[in-house]
Amino acid sequence: MAEPELQLVARRIRSFPDFPIPGVLFRDISPLLKDPDSFRASIRLLANHLKSKHGGKIDYIAGLDSRGFLFGPSLAQELGLGCVLIRKRGKLPGPTVSASYALEYGKAELEIQKDALEPGQKVVIVDDLLATGGTMCAACQLLGQLRAEVVECVSLVELTSLKGREKLGPVPFFSLLQYE
């Protein structure tokens, strides 16, 4: 990985203690989005990883609602691919399939349009951050319902202490930056 580019990305992640609740250290990507050079570097680094690992064997990038939408289309463009959207329940028109996942208090659902992917198509799921892995795991299950193949999940930031990568089981996972 290009170390100067990775440092450029890392310098644009801010930390806010005790947000949104006491005891949480929030990782803010807003400065990265404000800086076109840092944002381009993050996309280039993710794209280079995917090219080296999968070559031309990816059909689509799937962006997760909502901050995965910030990275998904740009990553797809960098790779010459299309991007499909995985949304929170009730946000997509037409026939959809859904998958539930647990939240701290209750549950949530993700949806994708039934015709978004064909069986056997190879997909990379992208989000800004992996924490507990609940959302990413639900996205993998959702694409499984369409019989698409999730070849990898990627994120800009991974909070390693929350062990979200373990929830993904055998699905490969990659992150640019890791924090406790």
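Keep in mind that glycine also has a Cβ here, set from the backbone N, Cα and C atoms.
Annotated features in Swiss-Prot:
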MOD_RES   A2  N-acetylalanine
MOD_RES   S15  phosphoserine
MOD_RES   S30  phosphoserine
MOD_RES   Y60  phosphotyrosine
MOD_RES   S66  phosphoserine
MOD_RES   K114  N6-acetyllysine
MOD_RES   T135  phosphothreonine
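In this view, the residue listed as 'phosphothreonine' is surrounded by 25 other Cβ atoms within 10 Å of its Cβ, with every protein chain counted. S15 (phosphoserine) sits 22 Å from T135 (phosphothreonine), counting Cα to Cα. Its Cβ taken as reference, K114 (N6-acetyllysine) is surrounded by 13 other Cβ atoms within 10 Å in the chains shown. Among the modified residues A2, S30, T135, the residue whose Cα lies closest in space to that of S66 (phosphoserine) is T135.
The CA atom of Y60 (phosphotyrosine) is located 19 Å away from the CA atom of T135 (phosphothreonine). The modified residues A2, K114, T135 include none with a CA atom within 10 A of the CA of S30 (phosphoserine).
A distance of 19 Å separates the Cα atom of T135 (phosphothreonine) from that of K114 (N6-acetyllysine). Neighbour counts were taken at the CB atom with a 10 A radius for the modified residues S15, S30, S66; the maximum falls on S66. Applying an 8 A CB threshold to same-chain residues 6+ apart, the list for the residue listed as 'N-acetylalanine' reads R44, L45, N48.
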